[in-house]
Amino acid sequence: MAASDAASAPSVPPAPSATPPDPPANNLTETQKQRSVVVSLTPARQRETWAKKAEFLLAVVGFAVDLGNVWRFPYICYQNGGGAFLIPYCVMLLFGGLPLFFMELALGQYHRCGCLTLWKRICPALKGVGYAICMIDIYMGMYYNTIIGWAVYYLVASLASINSVLPWTSCNNEWNTPLCTPVTAPQINPNSSTPAKEFFERNVLEQHRSNGLDYMGPIKPSLALCVFGVFVLVYFSLWKGVRSAGKVVWVTALAPYVVLLILLARGVTLPGATEGIRYYLTPEWHKLQNSKVWIDAASQIFFSLGPGFGTLLALSSYNKFNNNCYRDAIITSSINCLTSFLAGFVIFSVLGYMAHVQNKSIEEVGLEGPGLVFIVYPEAIASMTGSVFWAIIFFLMLITLGLDSTFGGLEAVTTALCDEYPRVLGRNREMFVAVLLLFIYICALPTTTYGGVFLVDLLNVYGPGLAILFVVFAEAAGVCWVYGVDRFSEDVKSMLGHSPGWFWRACWSYISPVFLLVLFVFSVLAHQEMLGGEYTYPPWSITVGWVMTGTTVSCIPLYIVYKFIITPGSCLQRIKTIKRPQETSIPPSDPAICTL
């Protein structure tokens, strides 16, 4: 039975223990006839649940562990005090990231709905938070799949080099410039570039054919085809819901750990690896006095765990009602953080090796972001024995890391809309997922142009980057200040058998909302620094970026106004009505609620 039908259907009394004799047909009332017809035509449909508990855990871990664990955490740890950075990182995990992570898992499991239908039971006026989350996930799909497409391009190039050498090994290719200098040669010209850098910028992206966002050039067919392949993989992972996603995560969530361990075993044996790891971990305690270190720790833990994207709500909504989501939150968040720490050893062992080969300091070698995994690491791989093998498994790891995260974001949109519109979308999930992904792919095509890399950075900052912080603040405030921590704690108690302790209640009531608000303010003030890079964005593009952020954030106040207008009664009556959770005749523990 659909959610809307479940809430409005008349209560049917339980069947008696003994079957009474059938009354005469001519004595049946018209109401009884109608009721018997309704029940026979609309049987309650059970909401899907995960086939195995491990599939849910792998899906959550796969969503939380993404490319940022590989290309952002090691760099930000080194930049902010090395081993000393783990102190603010763990503090922010304990007081900010973990409480929000637990809150979303509990919300999804209790109400068994996506991020839209959920607000009917918490605070109807804040349903705009759900629409904002859907918009954020769509913006993210427009550029994140393109980054995975870059990894697919590298993988294809590596497979094509099985009987030869990797194409970014030498400067003898048609895309190379006179400034190209092998990494092992003396860097005499300060403007010289490496084969791996030119392969990424001049062969994969071909950004030299564009002058930035003012003229991005045409779509690059080979890159568009790689991104299309990513969307096809995503479709066949999502089209059947948890039945298909639950099988896929066994590969996409576990494969990165196998590859990371293989790369770590190879990395620590390289010359210079010890120096790189020492550089990664050496504590610089004086840096802890800098407020930027604490802001960076808060930002890293928040974006790493990923509350606010609707994914945790969607994935946990397919759990059994009495599942121990508290234990799940502890396990999965710990795995995520330990993975980031492990990735640091993998990355810095290779950076130490590159510094040794080039006779440079690690500061001159290291880069953050895509440059680390698409330039520096491929350079190191090209100089190793068996370079083609190492390249293949490395880019397979990047692809699986990215796929898990994009599964999660798009599953959040799919679950939210299918739960909200069960008759139109929920019963035609396969077609709806196909149309949604086709729409996002068309919107993503500009990122496959010659200047698409600049658009990727812009979308990253102004799509989810800034808006998500305000949206999660509104979500936390709605749950803890409007719905109420006491009521939410009772919901958790009905699932787990015990109420959350004072620590969790204090975090939900005060610490986590303040954590989010401070992070949002600092991010807005430093929004242009988040773009980074050598390219100067034109003023009109920054305006477009703020419009993207505004279209997402404005969903929240606009829906409040809309709900206020359509609600009958006086002003005071309207305010009370739009704040009051809607009651349902079916308890949340009933598997028929919010069915697809």
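Glycine residues also receive a Cβ, built from the backbone N, Cα and C atoms like all the rest.
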>> According to TrEMBL, the disulfide involving CYS180 connects it to which residue among CYS134, CYS171?
In response: CYS171
> For GLY62 (Na(+) binding site) and CYS171 (disulfide bond), what Cα-Cα distance in Å is obtained after rounding to a whole number?
Replying inline: 37
>> Should anything in the same chain at least six residues away from the transmembrane segment (506-526) have a Cβ under 8 Å from its Cβ atoms, list it; otherwise answer none.
In response: 92, 95-96, 99-100, 103, 295, 298-299, 302, 465-466, 469-470, 472-473, 476-477, 479-481, 485, 488
> Using a Cβ-Cβ cut-off under 8 angstroms and a sequence gap of six or more, which residues of the chain neighbour SER405 (Na(+) binding site)?
Replying inline: GLY62, PHE63, ASP66, LEU67, TYR144, GLY306
> 10 Å Cβ neighbour count around GLY62 (Na(+) binding site)?
Replying inline: 28
> Among the recorded positions CYS180, LEU401, whose Cβ has the fewest other Cβ atoms within 10 Å?
Replying inline: CYS180
>> Which range wins on Cβ pairs under 8 Å with the transmembrane segment (86-107): 56-74, 128-156, 335-355, 431-455, 546-566?
In response: 335-355
